Amino acid sequence: MLKLICIAFLVTVLTLVAGEDSLDPAEYGCADDINQEDLLKKNDVCLQCEDLHKEGVVFSLCKTNCFTTQYFTNCVKDLEEAEKEPPE
């Protein structure tokens, strides 16, 4: 019985580790065949935008409808502008 529990635990851990670099497209309203690399990059834009604006709702709005809303576009622009600004 202990072996079975250990195997189940190991499988769970390996599944979590293997899935670290992948996201569920359905969570973002995207088609299942979306390129994972593109999904990760767009997700990162939304995370950076949320950090820039310091508001939790930004991430949710940014990723809506597979990153096709004006919120995502504005996040890209905001991040580009933030890069141009000299550090304080």
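Glycine is treated like the rest: Cβ placed from N, Cα and C.
Keep in mind that what you see is a predicted model, and the values were worked out from it rather than measured.
The signal peptide annotation in Swiss-Prot covers 1-19 and rests on sequence analysis.
Within the same chain, the residues at least 6 positions away from Cys66 (disulfide bond) whose Cβ sits under 8 Å from its Cβ are Pro25, Tyr28, Gly29, Cys30, Ala31, Ile34, listed in sequence order. What Swiss-Prot records for Cys30-Cys66 (among others) is disulfide bond, and it gives similarity to another entry as the kind of evidence.
Sequence-distant neighbours of Cys62 (disulfide bond): residues of the same chain at least 6 apart with a C-beta under 8 Å from its C-beta are Val45, Cys46, Cys49, Glu50, Thr69, Tyr71, Phe72, Cys75. Taken residue by residue with DSSP, Cys62 (disulfide bond) is part of a helix. Sequence annotations record features per position, and here Swiss-Prot assigns disulfide bond to Cys46-Cys62 (among others).
For Cys75 (disulfide bond), other Cβ atoms within 10 Å of its Cβ number 26. According to Swiss-Prot, the feature disulfide bond maps to Cys49-Cys75 (among others), an assignment based on similarity to another entry.
Within 10 Å of the Cβ of Cys46 (disulfide bond) there are 22 other Cβ atoms, across all protein chains.
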